[in-house]
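Taken from TrEMBL as is:
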TRANSMEM  7-24  transmembrane segment
DOMAIN    50-163  domain 'Epoxide hydrolase N-terminal'
ACT_SITE  229  active site, nucleophile
ACT_SITE  376  active site, proton donor
ACT_SITE  434  active site, proton acceptor
């Protein structure tokens with residue numbers, strides 16, 4: 001019997017080695033179609049950039065105020081559950097009272113309009129973006145600065161509002177750096193002020209194609225990309241399809257989901273020292289079980305939006321407080337899971353209600369939540385799944401992965417390096433969560449500077 005066991009063991013090891021070899025091979029990229037996402041037949045686009053301020057009609061605001069005044073009393077929360085059944089009635093009443101009595105859209109619209117808002121038609125869709133140039137391109141000592149274009153992309157349920165606090169930190173020259181950034185901040189198609197498509201299958205890969213076109217229109221042959229949440233998937237897709245154009249990739253949600261990922265997780269469960277660095281043992285390995293529990297408890301929305309986004313969107317288009325509840329729950333639990341233990345959801349621990357409602361208002365006045373949620377369903381298109389671009393294709397572009405303490409999922413360096421073959425900067429912070437630019441603008445901007453400085457010296 002012993003020879004049989006040895007034979008089976010050797011055969012098993014052989015199968016595993018073949019499997020690992022296959023998983024380490026590059027996956028050829030599919031050819032992207034030159035697809036038209038607009039209504040009607042394809043036309044020749046002038047791709048002329050227009051500039052206009054946000055100017056929400058008064059009747060939209062009057063209708064909003066009427067709906068807020070007529071909000072029905074919320075269903076009472078259960079005793080002691082805080083946020084574990086969803087957003088607590090205490091938090092809802094705080095938001096409703098502030099929105100009705102203190103939030104001033106006229107002032108907030110002026111705040112959003114402190115930066116110029118640009119629009120351009122690309123592949124049939126009108127795409128909205130901010131374009132902020134550096135305040136100066138010469139140091140106070142007279143030395144000229146290198147201007148580096150950077151495309152920064154948000155996720156769900158986010159918008160360009162998340163980036164307002166990092167804009168001055170990246171466009172104001174620093175005495176200790178010989179470069180400064182020129183920022184391009186687009187709204188993802190179907191989000192906020194960017195038009196949505198009436199056609200299915202507009203996934204993060206195709207969004208990357210649209211934004212590559214945008215950078216062409218703006219005259220940038222090469223540029224940096226940055227993204228979190230869905231923006232990270234767009235950024236990683238662009239680094240895959242346009243490696244000759246993307247100088248560097250920075251993400252606060254680096255993701256790798258290959259079969260080798262699961263193999264390494266399995267190995268790490270029994271022999272953690274083979275998978276995790278010493279410093280990762282406390283920050284990642286010891287929290288893995290809690291992370292998986294958290295994902296089970298808090299990602300039900302993902303399945304809903306990946307299967308029936310239009311159904312749930314009906315209520316979110318009709319009720320402003322329904323929309324706020326659905327969005328702000330994420331800005332609570334994904335900012336810090338410990339906020340689930342608070343009746344007020346901890347909404348003002350990292351943000352102000354004014355900041356949070358700015359973001360909610362962008363979705364309300366554009367009625368774009370339904371189309372924004374469709375990004376989850378488009379993630380599972382046959383093209384995307386077959387290409388493996390959004391989960392496993394190897395990326396050779398210089399990459400930085402910023403790991404903030406309360407991000408949904410942290411991956412060890414050994415797994416990240418399976419996909420990011422040129423991981424030049426890996427950081428770990430003991431604060432911050434999923435909305436890093438919004439929560440920790442100073443740390444976020446500093447992380448970008450540290451990474452870019454490394455790349456520029458390479």
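Using the three backbone atoms N, Cα and C, a Cβ is placed for every residue, glycine included.
TrEMBL entries are annotated by machine, without manual review.
Source: prediction; values computed, not measured.
Residue counts for the domain 'Epoxide hydrolase N-terminal' (50-163) under DSSP (helix as H, G, I; strand as E, B; rest coil) come to 37 helix, 28 strand, 49 coil. Sequence-distant neighbours of residue 434 (active site, proton acceptor) (same chain, 6+ apart, CB under 8 A from its CB) are 228, 229, 253, 330, 334, 335, 404, 406, 407, 408. The most densely surrounded of the active-site residues 229, 376 is 229 (count of other Cβ atoms within 10 A of its Cβ).
Averaged over the domain 'Epoxide hydrolase N-terminal' (50-163), the predicted model reaches a pLDDT of 96.
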